[in-house]
Every structure is written in structure tokens, then in C-alpha cells.
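Enquirer: The structure that follows is given in the form of C-alpha cells.
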Amino acid sequence: MGKITFYEDRGFQGRCYECSSDHVNLQSYFSRCNSIRVDSGCWMIYERPNYSGYQYYLRRGEYPDYQDWMGFNDSIKSCRIIPYSGSHKMRLYEREDYKGQMMELTDDCSCVQDRFHLNEIHSLNVLDGCWILYEMPNYRGRQFLLRPGEYRRYLDWGAMNAKVGSLRRVIDVY
């Protein structure tokens, strides 16, 4: 089980809300979020209710300012704990509906372009474990949580285009 604490003000100040499970709508607990402390587990926090809007991946640690989790603003309206899996495996496809060249991945990939000579992935199948997809290399840019399942096109994981820069396994190493 995980534990995350949201604070309205920077530096862990102001009204706070402690959470240990998924929340589809956090609006009644705080109006803004400027700092977060993750005591245990890995979490995905979302800019809007219903797990929508910008997504941010957080591991155990302290985030005294929303820019520390690469946030664009102080709006956090839903959160989800990410289940831990000991093994990770996914298949990436260069075209929609699992067509074109297929590549298999079992570890982190800091640059999809360097490793597979592609910068667009149009479909993927997560066979084991949870992953974070980043639109830019070196784990930067917009983030998307990938849970086990099929993603026939980039819209299925919430992206506006097929640009994939890097991929990271969700591992709670602490």
C-alpha cells in the first residue's frame, strides 16, 4: 500500500491531504497543490478529475514545488497508485493495429530513436508490468502511464501524436 500527501502551498505548507488509495476526484480535499510528499509506493497524479489531463509520475521522495514533478501548474485533481510488478515486458509497433516492425522491450529505454531508429510508435502491447512513456528522450516531456493491455493507436494511451522519446519501467526500488 502506498502513501502520498498533497499540500496546498510550496514547501509542505498550508492545508494538506493524506491519501493511500486511488482517487478519481480530489477537488473536495484541496483547491491547489504546490508540494507533495510520497512516503511509499509509486503514483501517477493527474491535472484533472477522472485520471485525465497532464499526468506526472512520482516515486518515493519530496517534491517541495510543482516544478519538481515537471508540473505546468498547481492543479492536481486525481491520483492513482501504480501496482508493482517484478517483471516488465512490452512490444512496440511502428504502425497502428500492431503492424509494421515489432520491437520488444524489457528494460528502461532512455532514447527510442537511438535504440530502435524510430521516434514514432503507433501501437503497443504491454505484456507485463507498468511503464511510463515520455514524449522526449531522457525521460522528459509529457508522461503517460501504460498499464498491462493493448494500445492499438497512440490515442489509446492519451497522446495527441505518436512521438515517443523514452520509456521507463515502474519500479519501487526503495
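The backbone N, Cα and C atoms fix where each Cβ goes, glycine too.
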Enquirer: Which one of these stretches, 32-35, 60-63, 84-87, 148-151, shows up in Swiss-Prot as region 'Connecting peptide'?
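Expert: Within the set 32-35, 60-63, 84-87, 148-151, Swiss-Prot attaches region 'Connecting peptide' to 84-87.
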Enquirer: Write out how many residues of the domain 'Beta/gamma crystallin 'Greek key' 1' (2-40) are helix, how many strand and how many coil, based on DSSP.
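Expert: Reading the DSSP string over the domain 'Beta/gamma crystallin 'Greek key' 1' (2-40) gives 3 helix, 21 strand, 15 coil.
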Enquirer: Grab the same-chain neighbours of the domain 'Beta/gamma crystallin 'Greek key' 1' (2-40) for me: Cβ-Cβ under 8 Å, and only residues 6 or more beyond its ends, written as numbers and ranges.
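Expert: Answer is 49-51, 58-66, 69, 74-81, 172, 174.
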